[in-house]
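I have placed the structure first, in the form of structure tokens, so that the comments after it can refer back to it.
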Amino acid sequence: MIKLIVGLGNPGAEYEATRHNAGFWLVDQLARMGGATMRVEGRFHGLAARARLWDQDIWLLKPSTFMNRSGLAVVSLARFYKVLPDEIVVAHDEMDLPAGAAKLKRGGGAGGHNGLKDISAHLSTQDYWRLRLGVGHPRNAPGGAGAGREDVVNFVLKPPRREEQEAIDAAIDRCIEPLGLLARGDAERAMAQLHTTR
């Protein structure tokens, strides 16, 4: 069962269209589907809404703390509504997957993602679900960009190219049905369906 879906990103118009905000894009799509309006919730350090999705009430959250402090928002809402870590899905950008790919997994390390690191620290566990939305990697980008720290930061804080954006949007659409399966407690089918469709 899933009770909370968190999308990671950075607040502000200047970041809205950047690769790092792929998690926000997924949550926005779910809010539209569930007829929910994301509202500023100071006690949860972000925008939150309760949406009716897959015949269940599910909290949606977009932290407004900036990526590296996302854990504060997640733990605030989770504690208030008594949501357990394994009832949380965190959707985030993933450079180790090409644009248009999506993978679902439970637990594991942060893979260098500072938002995940902070969430794990605040929850005192890594045992929550992650929906990894591929955005590609600078070493594979046209123009021969490198893979140093500065290249990575510049890459995730820029908008994807048009064809990449279309691929990411399509991946988000493909995630909806598997998320519904996961929300209803069928994790095995959710992962099988997401990982075999493209």
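Every residue gets a Cβ built from N, Cα and C, even glycine.
Sequence annotations record features per position, and here Swiss-Prot assigns active site, proton acceptor to His20. In three-state terms derived from DSSP, His20 (active site, proton acceptor) belongs to a helical segment.
Proximity of Phe66 (tRNA binding site) to non-local residues of its own chain (separation of 6 or more, Cβ distance below 8 Å) is seen for Asn10, Pro11, given in sequence order. As annotated by Swiss-Prot, tRNA binding site applies to Tyr15, Phe66, Asn68, Asn114, with the evidence given as sequence analysis.
There are 21 other Cβ atoms within 10 Å of the Cβ belonging to Asn10 (site 'Discriminates between blocked and unblocked aminoacyl-tRNA'). Here Swiss-Prot flags Asn10 as site 'Discriminates between blocked and unblocked aminoacyl-tRNA', drawing on sequence analysis.
Within its own chain, Asp93 (site 'Stabilizes the basic form of H active site to accept a proton') has Leu8, Arg19, His20, Asn21, Ala22, Gly23, His113, Leu133, Val135, Val156 as residues 6 or more apart in sequence whose C-beta sits under 8 angstroms from its own. Residues or ranges marked as site 'Stabilizes the basic form of H active site to accept a proton' by Swiss-Prot on the basis of sequence analysis: Asp93.
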Note down the number of other Cβ atoms within 10 Å of the Cβ of Asn68 (tRNA binding site), including every protein chain shown. 12
Between the two most separated Cα atoms in Tyr15, Phe66, Asn68, Asn114, the residues recorded as binding tRNA, what distance in Å do you get? 16
Taking the Cβ of Asn114 (tRNA binding site) as reference, which residues of that chain separated by at least 6 in sequence fall under 8 Å from it? Met67, Asn68
